[in-house]
């Protein structure tokens, strides 16, 4: 006889909802500040509009009821999905209505992608450059054309249809957001049922999602792309449904289709090796990954996640319990281990969001590095402007997510952390030796900063004194990145031992031959030298400083030596009251503020490194088996001095954007100029003290009051925190737009 212990029994999953919990009221919705008793009274001073923006989405400040907060977040997620679908639909609609997609599809090596035609109002039609094939438009660098070809889209009608479906789905999302807040709102226990959530997200979203995509790739993408690669006119290619209905079409392309589903159900999947391949390397025709490899990959992912979707204990007494796993997770040196973390993650959405943002942001930066080294879509590798744009985009998205992780971890510490429930567990132990963690990070940052910058200073000095033989370079004193070179070589050699059936290594960057498409380099081995070694340590320095700032903000969010009661002051506060020196700009929010600057610094150096390295050592043309790179390999010679970066990268490569006036690239010249002004606005907000503005406003206000023309809503200078927020927003917007215009004008002109 077996007795089930109460904690071993699975909590039965029931979809518990409250019916009609909140009435739909447009009157309430239309009233600014309806979520706050203070704000709903309306404005007395101009501070009101700032507080309105600051608190509109801060659901914690509207109510302390976790169930209501959870419902608001859940509902907002549907709204977010709706907005994303509208945006995506717009992209597909532009492809259908304003693009040269069909022309590009017929000749992707000579025709550039364009999906925007500027209307002639006062001469803007100059922006419609000649992209080839007799089409005038703005060249786009989003990678959508390459994605569409990989999906098997062969006509603009298919893009139209997808755009319409996107709008229908967006409508469904907006409806769901309203329905699940106003009509059938889930109860708190539904949000806290992590096992059921994991099963559905892993098995449903990732498992079935990957399976569906693998199915689409096998039945639509593969046959369409095989015919396109063979040079068949897109208009002659059968429509997607014909490959379903007419089995012979598939058998002609992939003979194993003749065997039907027998090998599938008997698990003889190797019989399908003509379309589920393991080739490695890149497709010689398109320069992208072999789509039969990616179909195989998505099928494998689907199998793994469908299994993972059955791993967690719900209505049946089998599977993992997350609470049991966490509570049992102890090491010999970690006290109570993970005890108490389950309670944190089921009652603090900030804590959960922090972890998810950190992981998602890191993943985005990993994606950035794979998009060029293993370009997943046809003809992506030879579209240099798109390559540069995608790398930059995924780095910045990742950076913002990682800083967001620091922000929400700090908000969790201030608002949700309960010291009484966390005694001697991992979190408590980290907090108790935070001084050691921060001082070590501080030391590492100083060490990396002085030593890596010192190498550059040495080189600049030797260069200025005319002593090239005493510089750190590949031709004088070498600092070769031997570990990185070993990793490259290992990855190049490994497949011959570990995957003998693979035709090539995972990426052409490891070693081997140049992959060229249409006379352009798609990818080739990337050699690393002294200049890479030096800039790598600058990356290490800036990333460690970013981590130092964010982690210090989190670990000292509740208290510090100077302000032991910091938790009572909240997430953001300008100073700790009058009469206490040194307590200004030390809130957790201020650490996020500083973290944003360092994130931007870190990633600027990353994308500059990438842009110059690729132009110097990868991007270029191939004539008679000879590769000519855009900047002829000057990275190794110049990137080892500060002067080299300023002269041969920033100054030399900005000539295209500065001289773009009067050409199709002139918009980038204007953006470059305008974004510098936004950058300066950011600086002004950050550097100027609040007192100066308040004095100025007070004197103007006094004269208005004297003349009895004073406004009813009194002007106020921005608070210190608001000034910093406006400053960092302008700094980032200005910096990103400056870099964007600089990169694109350059690479579109020379690439």
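Glycine too: its Cβ is placed from the backbone N, Cα and C atoms.
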Residues flagged as transmembrane segment in Swiss-Prot, choosing from 495-513, 514-532, 533-551: 533-551
Matching range for Swiss-Prot feature annotation, transmembrane segment, among 459-480, 569-590, 591-612, 613-634: 591-612
Tertiary contacts of the transmembrane segment (73-96), as residues 6+ beyond its ends and Cβ separation under 8 Å: 57, 59, 115-116, 142, 144-145, 148, 156-157, 159-160, 162-164, 166-167, 169-171, 173-174, 176-178, 180-181, 186, 191, 349
DSSP-derived class (H/G/I helix, E/B strand, else coil) of residue 575 ([4Fe-4S] cluster binding site): coil
Most Cβ neighbours inside 10 Å, all chains, among the binding-site residues 575, 584, 683: 575
Distal contacts, the transmembrane segment (349-372) - CB-CB under 8 A, six or more residues away: 69-70, 73, 380-381, 387, 390-395, 397-402, 404-409, 411-412, 415-416, 523, 610, 614
Closest-packing stretch to the transmembrane segment (198-222), where packing means Cβ pairs under 8 Å, from 294-312, 436-458, 533-551, 591-612, 725-745: 294-312
Binding-site residues compared (692, 693) - highest count of Cβ atoms within 10 Å: 693
Distance, residue 676 (chlorophyll a' binding site) to residue 692 (chlorophyll a binding site) (CA atoms, angstrom): 24
Remote residues contacting the transmembrane segment (388-414) - C-beta distance under 8 A, at least 6 residues beyond either end: 141-143, 344, 348, 350-351, 353-358, 360-365, 367-369, 371-372, 546, 549-551, 553-554, 557-558, 567, 570-571, 588-589, 591-592, 595-596, 599-600, 602-603, 606-607, 610-611, 614, 736, 739-740, 743-744, 747, 751
Residue numbers, six or more beyond the limits of the transmembrane segment (294-312), whose CB comes under 8 Å of its CB atoms: 194-196, 198-200, 202-204, 206-208, 210-211, 213-214, 217-218, 221-222, 275-278, 319-322, 376
